[in-house]
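Each remark here refers to the structure printed beneath this line.
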Amino acid sequence: MTKTLPEDFIFGGATAAYQAEGATNTDGKGRVAWDTYLEENYWYTAEPASDFYNRYPVDLELSEKFGVNGIRISIAWSRIFPNGYGEVNPKGVEYYHKLFAECHKRHVEPFVTLHHFDTPEVLHKDGDFLNRKTIDYFVDYAEYCFKEFPEVKYWTTFNEIGPIGDGQYLVGKFPPGIKYDFEKVFQSHHNMMVAHARAVKLFKDGGYKGEIGVVHALPTKYPFDPSNPEDVRAAELEDIIHNKFILDATYLGKYSRETMEGVQHILSVNGGKLNITDEDYAILDAAKDLNDFLGINYYMSDWMRGYDGESEITHNATGDKGGSKYQLKGVGQREFDVDVPRTDWDWMIYPQGLYDQIMRVVKDYPNYHKIYITENGLGYKDEFIESEKTVHDDARIDYVRQHLNVIADAIIDGANVKGYFIWSLMDVFSWSNGYEKRYGLFYVDFETQERYPKKSAYWYKELAETKEIK
């Protein structure tokens, strides 16, 4: 039976400033840590990425033509405040006014994120969000944007607080490239949640029009053997690191007893302690019911086994299937040999995990209000067919179809899901995979910056028009 989605459902496309804009040092933009990190460690940079800084009218015209009625955009903090604080860069401000005006001209609603992995380099060098001064600077930046851009009706504070701490201090594939430091992981999570809560409270107290929320990446964690207590415990601990800790902070305004027991166990095995003050808890508590929506980014699930060895993570950056290893001291190890399809980058394709995660939020955090699926999509080595000027990305269509079907199921079962943003609108630069891993509805020739609709774009257009998942 063909499933349908609600009439007012947002069929969106997602982007991020650093992954799409290019123009990394144009018109007064300040540096971010990624600029130096990529130059020193990788064979690619974010220049020119998808040249969205100049090509946004083309991408928004395509959005309108193909039924995309929402777009996730992030403001580059260092385009507004080159040093993260102090002097404002007027050309950066002007750019975003023009961008939002073009969105509205094309009837594409902008959902605007204040921070998408791109803390200004000056602040990043000074400890990023481990330094509590950065919290103050972020809140000042947020307030400036709320005042300056009243044309924005949907704000999110952060994109993926979990993967920021994870990438910077656990896996070590984000600058500053530190591995297995759980104290920094949890402290980063916590401090960013305090920054989020302060910004949300400020938005509500200031009487700004519109809505505000946060985007969390929520990969679902399962025990490899549900009858094995060690596997069950490993899944619980992995869930605390990636999901429960930040969800508790968002919607409980504190950390539940089970969450803190798990955190203390991980820190007792690996070393370190958290600095959480009474004032922090008061800030979290004051904002817990003020979030208008939750953005869920979902790509994959993981299956966990018990593990008592040392930490070792091998990140698959090349797209050679089978190149991943992930085992954490005091937590568990991910089992990749499961009967579930996976991408070339070893990401497990499991739509049921999205359904389970949505319903977990509904059950455990009933003050969630509403949900947008703010990222979901398939990274692929797309093959451009020159004679047809397109890509036959049937695997992507199938992936999105399966995930939309479980979203429809979740809505039937009581979840208030209001929209879906495919990652990504057009092909963009990938943080740890460069330009080979493509996600877009529109193929980007990175040499010429020409855009070509893929087969998935035509499929998505029909979906947006009919609301039927075919």
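Placed from the backbone N, Cα and C atoms, the Cβ positions cover glycine too.
These come from Swiss-Prot:
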type	residues	note
ACT_SITE	E160	active site, proton donor
ACT_SITE	E375	active site, nucleophile
BINDING	Q19, H116, N159, E160, N297, S430, W431, K437, Y439	D-galactose 6-phosphate binding site
Candidates Q19, W431, Y439, namely the binding-site residues, that fall within 10 Å of the residue listed as 'active site, nucleophile' by Cα distance: none
W431 (D-galactose 6-phosphate binding site): secondary structure state under DSSP, collapsed to three categories: coil
Where N159 (D-galactose 6-phosphate binding site) falls in three-state DSSP terms: strand
Maximum Cα-Cα separation (Å), residues Q19, H116, N159, E160, N297, S430, W431, K437, Y439 listed as binding D-galactose 6-phosphate: 20
Conformational class of Q19 (D-galactose 6-phosphate binding site) under the three-state DSSP mapping: helix
Whole-number Å value for how far E160 (active site, proton donor) lies from Q19 (D-galactose 6-phosphate binding site) (Cα to Cα): 15
Separation of alpha carbons, E160 (active site, proton donor) and W431 (D-galactose 6-phosphate binding site) (Å): 14
